Amino acid sequence: MPKKAVILYSGGLDSTTCMAIAKAEGFEPYAMSFAYGQRHKAELELAKGNAKPMGAVEHMVVEFDLRKMGGSALTAEIDVPKEGVGNDIPVTYVPARNTIFLSFALGWAETLGAFDIFIGVNALDYSGYPDCRPEYIAAFETMANLATKAGVEGAGRFTIHTPLIHLTKAEIIRKGLSLGVDYGRTHSCYDPTADELACGRCDSCRLRLKGFAEAGMTDPVKYVKGEK
């Protein structure tokens, strides 16, 4: 019988690849997405449409509003940087977001009797977010096994799976394509137009386009004219 796993699933390139990997590894995927007050819903709407076709047994959308706290260009009226990927943590970082997301995933996993959680973080082609690093994931995994009834009573050991963490974006894309991922049904842009065209200039678009270029392929999503 397949083991249950909770997959953090935004509808973006990385999380979609992560879902496909979990399925290929024999897990029974339970997808979890978040409506957290993000400035656009294009990614979330794709997640809603894709989760079940990708094999999710259930798809839970958790709603809360991080706009009340602000502090990020993804949740507040702060301009999304378009100058390229820098060395500092950018304003698109959402304070403690992965800790919040993983905490919800941990709660659902414990309820399901699952001990495996997948998250599509990457520490190579990424924007420098602190909650995407291997040491952060290791720390959260330790906490998960100390902070839950299932972990303390020894029913099992929680594992946070990060299959993309040491891959380049090109390697992620190649892996996904080998598993049948349709990247035309994913969204990565931080600042899309009203008709959901990707801007081509934010960190996320730049990393995505770089990945497709290095993989020798054309990104199937639509971009603002002249930005692809």
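Each position is counted from 1, following the chain as shown.
Cβ from N, Cα, C; glycine included.
The ATP binding site feature in Swiss-Prot is assigned to Y9, S10, G11, G12, L13, D14, S15, T16, T17, C18, M19. Summarising the annotation, Swiss-Prot assigns Zn(2+) binding site to C189, C199, C202, C205 and lists sequence analysis as the type of evidence.
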Spatially speaking, which of the binding-site residues C199, C202, C205 is closest to S15 (ATP binding site)? Use C-alpha to C-alpha, please. C205
Listed binding-site residues (S15, T17), ranked by Cβ neighbours within 10 Å, top entry: T17
Taking the binding-site residues one at a time (M19, C189), which has its Cβ surrounded by the most other Cβ atoms within 10 Å? M19
Out of Y9, G11, T17, M19, the binding-site residues in the record, which is closest to C202 (Zn(2+) binding site) when you go by Cα distance? G11
Of these binding-site residues, L13, C199, C202, C205, which scores lowest on Cβ atoms within 10 Å? C199
Winner by Cβ contact number (other Cβ atoms within 10 Å) across the binding-site residues Y9, G11: Y9
Cβ-centroid neighbourhood (8 Å) of the ATP site, Y9, S10, G11, G12, L13, D14, S15, T16, T17, C18, M19 excluded: A47, G120, T186
